[in-house]
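Undergrad: Before anything else, here's the structure in question.
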Amino acid sequence: MGLIKLPKKRGTFIEFRNGMLNISPIGRSCTLEERIEFAEIDKKEKIREKFVAALQKEFAGKGLRFTRGGLISFDIFPEGWDKRLCLDVLEQEGLSTIYFFGNETSLGGNDYEIFEDPRTIGFTVYSPKDTVRLCQELFFTTPPNEA
């Protein structure tokens, strides 16, 4: 990580979470403006993509998955430990319809597997406001003929 050249770096580059590591080349302590700046640089220079490719090569055959996480990071976790782990529990609780909202729903994103799972109804969102809007449309509006 020390070899990555960025205009700014802000502490907490590796965060240990339950069952996974979250790696942020710019650092988790960056401001919103710095996040946006990093995201733009990352789009052009593919910083996270190159970092992940190097780690995949280094740890090939070790049973690890690498996925994009939000604007500034990527996650590392054991194969099979993605967000789908909760689906069996939710089904056992009797939930027949499971909605999922995520921002990294394309291949390689940390929401991809659960978004594509046939047990969920998946929606790609771009902000918390977008999630609220979708929830209001889906769950809190009554069609005029049912009022």
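Yeah, the Cβs are placed from backbone N, Cα and C, and that goes for glycine too.
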Undergrad: Looking at alpha-D-mannose 1-phosphate binding as recorded in TrEMBL, which candidate out of Arg17, Arg119 goes with Arg28, Arg35, Ser73, Asp75?
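TA: The candidate from Arg17, Arg119 that TrEMBL ties to alpha-D-mannose 1-phosphate along with Arg28, Arg35, Ser73, Asp75 is Arg17.
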Undergrad: Distance between Asn103 (Mg(2+) binding site) and Arg28 (alpha-D-mannose 1-phosphate binding site) at the Cα atoms, whole Å?
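TA: Cα of Asn103 (Mg(2+) binding site) to Cα of Arg28 (alpha-D-mannose 1-phosphate binding site) measures 18 Å after rounding.
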Undergrad: If you run the three-state DSSP split on Phe115 (Mg(2+) binding site), which class comes out?
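TA: For Phe115 (Mg(2+) binding site) - judged by DSSP and reduced to three states - the answer is helix.
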